[in-house]
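Engineer: First the structure, then my questions, so here it is.
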Amino acid sequence: MTWQRPDGRQPDQLRPIRFHREYTHFAAGSVLAECGQTKVLCTVSVQPGVPRFLEDTGQGWLTAEYRMLPGSTPERQRRELMKLSGRTQEIQRLIGRSLRAALDLQALGERTLVVDADVLQADAGTRTTSITGGFVALVDAVNQLVSKGEIPQSPIRHHVAAVSVGLLEGQPFLDLNYPEDVGAAVDLNVVATEQLELLEVQGTAEEGTLPRPQLNQMLDLAEIGIQQLIEAQRQALAS
């Protein structure tokens, strides 16, 4: 039996991706990232100073926070106030690690960039959309620092994007939506640069095991998606 995608896409086809830049007024960088029906507001704020372990090193820092808004899913999500769920902590650390890899932190100087990823609507892929859209907001934020003369040049080293790949009925599919995400035997999240150098691979075999040849197929499919996402980032930043 072959899995039929609910939205009619081909196995190697991304959902429509859009980046709406300068979506809010006050943040140094702000992007509404849309991946199909998943919508994430990504903002980047600049704060003076760095964590204590980086003080007097001349090096900057980037950290991330991730939340799902109450109306982002069919059933209302409770706000995480006093204590974050393990899932939320895992995702915001992933976003932070991924976007730090895009930066020359020494060139940033002793300041902190805070990436906020707020999920307005969730149809799977919220963490990958947060990373891919967060990068666009990050570029806008550091360009603002350059234009204000606060740093001499952009500390961006390379593009970073992320995508999911799932195994359904034994076949790999790119960029899962929610029905596919819950039905996948294997779910993989891949973060990479425009040179297709891997920054992170998160994978779980929900049912049974994952043979190495199938993992290679999934990574090959992820590379196709990463290239397309980075091209979409370039087009958005050039507009």
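Cβ coordinates come from backbone N, Cα and C, glycine included.
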Engineer: Check Swiss-Prot: it lists Gly125, Thr126, Arg127 as binding phosphate. Then name which of Arg87, Arg100, Arg157 it lists for that same site.
Structural biologist: Arg87
Engineer: DSSP secondary structure for Gly125 (phosphate binding site), reduced to helix/strand/coil, please.
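Structural biologist: Coil, per DSSP.
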Engineer: I want the residues beyond Arg87, Gly125, Thr126, Arg127 whose C-beta is within 8 angstroms of the mean position of the phosphate site's C-beta atoms, in chain order.
Structural biologist: Tyr66, Ile91, Val119, Ala122, Ala124, Thr128, Thr129, Ser130
Engineer: Could you measure the widest C-alpha to C-alpha distance across Arg87, Gly125, Thr126, Arg127, the residues recorded as binding phosphate, and give it to a whole number of angstrom?
Structural biologist: 13
Engineer: When you tally the Cβ atoms that lie within 10 Å of each candidate's Cβ, which of the binding-site residues (Arg87, Arg127) has the highest tally?
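Structural biologist: Of the binding-site residues Arg87, Arg127, the highest Cβ count within 10 Å belongs to Arg127.
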Engineer: Can you check which residues sit near Thr126 (phosphate binding site), meaning Cβ under 8 Å from its Cβ, same chain, 6 or more apart in sequence, and list them in order?
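Structural biologist: Counting only residues 6 or more apart in sequence, the Cβ neighbours of Thr126 (phosphate binding site) under 8 Å are Thr38, Val40, Tyr66, Met68, Ile91, Ala117, Val119.
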